[in-house]
Amino acid sequence: MLYPLLRPLLFKFDAETAHEHTLKMLDRAHRLHLTPLAASPAARQPVQAMGLTFPNPVGLAAGLDKNGAHIDALAALGFGFIEIGTVTPRPQDGNPKPRLFRLPEHEAIINRMGFNNHGVAALLDNVRRSKFKGVLGINIGKNAITPIENAVDDYLACLDQVYAAASYVTVNISSPNTKNLRQLQQGDELGRLLAALKQRQLALADQHGRYVPLAVKIAPDLDDEQIAEIARLLTGNGIDGVIATNTTLSRREVAGHPLESEAGGLSGAPVRARSTEVIRKLHKELGGAMPIIGVGGILSGNDAVEKLDAGASLVQLYSGLIYRGPELVGECARATAQYLQARN
């Protein structure tokens, strides 16, 4: 209710400063028990996926709360699950500023953040301080200084550390803002990475007496052959879920915009159709072998339903929150609940 009034003020700041201010305001509102003024109630529609029970299928995508410093305030908005990160083994600053740009005419964002985060130890401190008892995903990546041939070491180091704190762990191999990272989506390299992660996951499950599912986040910039190969490797290595999709390098939908040439990943409305197309093709290739979490360009309840209709079991929001505000969470939860009830 308040966000339409606040948005013009926030948009006077550069995008990254506005992001920081918004999170501080949410924290303050949560402490003062004022969150209901910012968000509408979310419908309860439990979904079973990856062996977990999600109160509703609408989650927060990774990237908004990289360090897990705002979990409680964000959870109070009505999300069915929260995903924090991307986190790397060691702290890193990310790419030079400016690195986050709004394209309001397209309801889009370009970012080249570069996995800026305080490191896995700091994230875990924040998780321990949180009171949140719901489904918490932790998204892991590699440090920029780690050679791509040693990337598996960073992913394993993160997995070791976050395992006990996470409801599920997401392996981010699709950010366009870490040099050569998307190479890890390719056949042999992806196969080796997934095999190593699966082996470690099973060892950690024995060690902790608890199985924590692994999901992999993929890019929208994949052809049909690549989608089929990724589906085969995910299934063959016993991965528990897949998140489709990350941001796109394509600028076709924003051609002619003054910021078109800014480097980084494009998100928001322009990626909606491509993300949904990847979900539909991935769903066909997987044949129900694992759940898909659909993300990309969700700015309305209808957009969320579109992802479920294409084959996703769950959805996630990020850029839509920047343009629509916290009310989007409840809108998507109500729309998806209505869709799932009608389907069942």
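Cβ atoms here come from the backbone N, Cα and C positions, even for glycine.
Note that the coordinates shown come from a computational prediction; the quantities given were computed from them, not determined experimentally.
Record features, source Swiss-Prot:
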- SER175: active site, nucleophile (ACT_SITE)
- ALA62, GLY63, LEU64, ASP65, LYS66, THR86, ASN139, ASN172, LYS217, THR245, GLY268, GLY297, TYR318, SER319: FMN binding site (BINDING)
- LYS66, ASN111, ARG112, MET113, GLY114, PHE115, ASN172, ASN177, ASN246, THR247: substrate binding site (BINDING)
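Listed recorded positions near ASN139 (FMN binding site): ASN172 (candidates ARG112, GLY114, ASN172, SER175, ASN246; Cα-Cα distance within 10 Å). Residue annotation for substrate gives LYS66, ASN111, ARG112, MET113, GLY114, PHE115, ASN172, ASN177, ASN246, THR247. The furthest Cα pair among them is separated by 16 Å. Cα separation, ARG112 (substrate binding site) to ALA62 (FMN binding site), rounded: 14 Å. In terms of Cα distance, the binding-site residues that sit within 10 Å of LYS217 (FMN binding site) are ASN172, ASN246, chosen from GLY114, ASN172, ASN246. Each of the binding-site residues GLY114, GLY268 was scored by how many other Cβ atoms lie within 10 Å of its Cβ, and the smallest score goes to GLY114.
The Cβ of ASN172 (substrate binding site) lies under 8 Å from the Cβ of ALA62, GLY85, THR86, ASN139, ILE140, GLY141, LEU181, LYS217, ASN246, each of these being in the same chain and 6 or more residues away along the sequence. When Cβ neighbours within 10 Å are tallied across all protein chains shown, the highest count among the binding-site residues LYS66, ARG112, LYS217 belongs to LYS217. The residue listed as 'active site, nucleophile' sits 8 Å from GLY114 (substrate binding site), taking the CA atoms of both as reference points. Neighbours of the substrate site: apart from LYS66, ASN111, ARG112, MET113, GLY114, PHE115, ASN172, ASN177, ASN246, THR247, residues of the same chain with C-beta atoms within 8 angstroms of the site's C-beta centroid are GLY63, THR86, GLY94, SER175, PRO176, THR178, GLY264, GLY265.
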